[in-house]
Amino acid sequence: MSTVERPRAAEQGDNAPGRATGVLRRLARDPIVVSGVAALVLWGVAALVSPAFASWSQIVTLLVLASFLGVIAIGQTLVVIAGGEGIDLSVGATATLAAIVASRHMDGSNEGFVGAVALALGAAAVVGALNATGILVFRVPPLVMTLGMISVVYGFIRLYTGGRPAGSAAPALRSLVGGDTVAGIPGVLWLWLGLSVLVIWLLRRTSYGWRLYAVGGNPTTAYLSGVNPRLVKASAYVLSSLFAGVGGLLLLGYTQTVFLRLADPYMLPSVAATVVGGTALIGGIGGYLGTIIGAILLTVLDSFLRVLQVGGGGDAPRQIIYGLVLLVVLSAYGRQKRLRQ
Amino acid sequence: MPTPYLQMTGVRKRYGGVTALAGADFAAEAGTVHAVLGPNGSGKSTLLKVLTGVVEPDAGEVRLEGRPLRPRGPRDTLEAGISAVYQELSLVEDFTVVDNLVLGVEPRRWGLRDRAQARRIALPWLERFADAFGGRVPADERVLGLDPGERQVVEICKALVRDPRVLVLDEATASLRRRQVEVLFDVVEELREAGVLVLFITHRLAEIRAVCDRATIMRGGTDVTTVTVGELPEQELVELMVGEMAAVGAAPSTAREQVRLEVRDLSGPRVREASFQVRAGEIVGVGGLQGQGQGSLLATLFGAERRHSGTVLVDGREVRPRSPKQAVRSGLAYVPGNRGTQGLALGRPILENMALPSLARRALLGVGLSRRREVEAARSAAGRMATKYGSLDDPVATLSGGNQQKVVVGKWFATEPRVVLMDDPAKGIDVRAKAELFGVVRDLAASGVAVLVSSSDDRELVEVCDRVLVMFEGRVVDDVHGERLTEETLVAAAMRVTGTEVGS
Ligand SMILES: Nc1ncnc2c1ncn2[C@@H]1O[C@H](COP(=O)(O)OP(=O)(O)OP(=O)(O)O)[C@@H](O)[C@H]1O
Ligand SMILES: [Mg+2]
């Protein structure tokens, strides 16, 4: 989505080598291709360092880990595309909230499964609605609003759980996420695939998607063309929280029990996966395919750092390096934003 | 033969599969006003952007006073004394006019910005152009509040502040009204006397004849010929510019009895108690001096500016759009006056820009889009306006200025509007396409649509409209039609009113 295809270039009768380098140059500038290649190279290096990395089961594990980030970053992608400095830093907190609500109501049994899921997603949607209200009605900058929302959500979780989250995942959820279903591939990956197709369709082939891009590209034009930009942006924030909620549920299915900061580590990576995949922070540019690749790239990087056991196997050095990489990535793309304007 | 003052030879530039320049040659002398003419997309802007260093050519050479010019960017050419007004406006909306004028060349004193000095440089030009701002000097106003014509004048002042030896004006007059153009031309005459080379792109014939000494005609990325303007009859000039063209006679009015749009005592931020009717099939113009609320009237009708009071009826039914969305639902369409900031999402594909206002009509259950159907709709709209494009998936920003403008207008066809509001819709469109555009507007009217159109060019209004409402300070003060509908009357109507109102 982020690359604008130019079929007419192919129709041109320029000499073959010139055309080939032209295509190469365009590919080299396509963020999806760049991120994809980077992910493959990292994975290759990791496999050289530790051959176990290349095993089928390890690959599946990597993808499962990437799927949580990928699902949480769906909403991030929508919000960033919608523009107006759009960003949702509360996705981590929202995912945690959904997991905690669901785990309490499932309490390790399948009985209240549907109700628990509905309640969890409902709670997530409320967070999204609050974000949207703050940003669009009270004109709080998205960064500030969603950052503030993190504290609100965690405060609420503390009240709700009394500091000790209760319950555990329903067996149905557990088997959905972890259990083998088709072709030795765990259900969560099929689910991610399904959601991806849905989101990519939503962005590319629905009037909602086209309006979202138009609003991100130029809200005034969208407004004067009969679109309600505020409604479109508000829906992006609500969807963002909803998908974060889904991500939280999947995490719950994976970890089976919850803890207070379950999905916290997904906050910045969700933004990073989005921008690395070519969705520009200025809005109106990008798509979910890139975010998928971005999520996989970041997950490979994280696992690679674990394999390297930098600094003698402790977790702290890895965290520092991963954090630094995120910072570099985000600031690099942030600078690009300024250059474009 | 002495070498020309400015010489460009064999300039080539291509973007992907589109050839913008195919080996163009160009030469011009100091102390002349040299027009660059040609149809939309013929490479005029690209040629002059190569000169100013904004575009890096694939091949070709530029020589100024015999010395080769190899700029790495506009900064280098600025130092060489070349300064330009581009077709796309480049002002910072949140800055004041003075800040915009000195942007990039801010005078400094002990490392700090010297505001007093900035004003000393900027004010003389603003004062010089006061008439173009309706008699005021908007030094400390923010650009945000200026209308498209005034912004254009600010752009011109910005180029002048840089004290150029070569001044490039790329359709700098496209959204200017008569009075503003007159002020500009006075200045251009002075610059010519002072030995400055003025390169002037325009699609308005009258302007070419009024100030230009020489003219280079471009077509398909090359220069066709260079002529001396004074030696050529107008008809031949038009033929050189766009090829043979049937003369557009005044088409018969298609107005019917039925009143389609009725406006009673409409007041808004810059509109005061406007009352008028437009019948089905009628094309009504909105004229007057610059900045008398013409744009505001259209925007208020469309719900884009807040209506304070008044009643608007479409086919006898009251409509009170509080947003453009509601206006579109009631059968209104609106071509805004500023294509870059209002008309287009520049980074998005042509396809999406074309589809935006009418998406819901083609979507399955209001949601699902079929690419084939969208492409068909966009092709047909683009075809109707004779838009030149490479692929519908290209960002609309890659189109030439005139072709962008065609998208701004064309995207409304598919909504099948009953009332069409157009704010200066033909700006930047070449002579032939303009005739085609107004032909399309005629067809729309013939099918029963009511059209309300403002224009910065009185000549356009006379050619296309059945009737022209003259506005002054937000009021409709005259209704010019029938025998009276000539350029002279329009000017007089706008001026006379000025006299009486000011006197009273
Ligand atoms: N950045 C770009 N990317 C791709 N194509 C471009 C770009 N800039 C210009 N073109 C193409 O080059 C051709 C010439 O464009 P140019 O803007 O020079 O035309 P023009 O003569 O100024 O037309 P107009 O009268 O409409 O302003 C057009 O077909 C246009 O689509
Ligand atoms: Mg141009």
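Just so you know, glycine gets a Cβ as well, placed from its N, Cα and C.
Source: prediction; values computed, not measured.
Below 8 angstroms of C-beta separation, residues 2-3, 62, 276-278, 289-290, 293-294, 296-297, 300-301, 303-304, 307-308 of the same chain, each at least six residues beyond the ends of the transmembrane segment (A:32-53), sit close to that stretch. What TrEMBL lists as transmembrane segment is A:32-53 (among others).
The transmembrane segment annotation in TrEMBL covers A:59-81 (among others).
The transmembrane segment feature in TrEMBL is assigned to A:113-137 (among others).
Annotated transmembrane segment per TrEMBL: A:143-161 (among others), in sequence order. A Cβ distance under 8 Å defines the sequence-distant neighbours of the transmembrane segment (A:143-161), meaning residues of its chain 6+ beyond its ends; these are 85, 87-90, 92-94, 96-97, 100-101, 104, 127, 130-131, 134-135, 260, 267.
Annotated transmembrane segment per TrEMBL: A:182-203 (among others), in sequence order. Here the transmembrane segment (A:182-203) has long-range neighbours at 1, 56, 60, 63-64, 67, 70-71, 74, 77-78, 81, 175-176, 209, 212-213, 243, 246, 250, 253-254, 287-289, 292, meaning same-chain residues at least 6 beyond its ends whose C-beta is under 8 angstroms from one of its own.
According to TrEMBL, the feature transmembrane segment maps to A:234-254 (among others).
For A:266-299 (among others), the entry in TrEMBL reads transmembrane segment. Residues of the same chain lying 6 or more positions beyond the ends of the transmembrane segment (A:266-299) and with a Cβ under 8 Å from any Cβ of it are 1-3, 30-32, 35-36, 38-39, 42, 62-63, 65-70, 72-74, 76-77, 80-87, 89, 91-93, 95, 150, 196, 199-200, 203-204, 213-218, 247, 323, 326, 329-330, 333-334, 336-337, 340-341.
Panel annotation: around the transmembrane segment (A:234-254), residues 64, 67-69, 71-72, 74-76, 78-79, 81-82, 86, 88, 90-92, 94-99, 102-103, 117, 120-121, 123-129, 131-133, 135-136, 169, 173-174, 176-178, 188, 191, 195, 208, 212, 262-263, 266 of the same chain, lying at least six beyond its termini, place a Cβ under 8 Å from a Cβ of the stretch.
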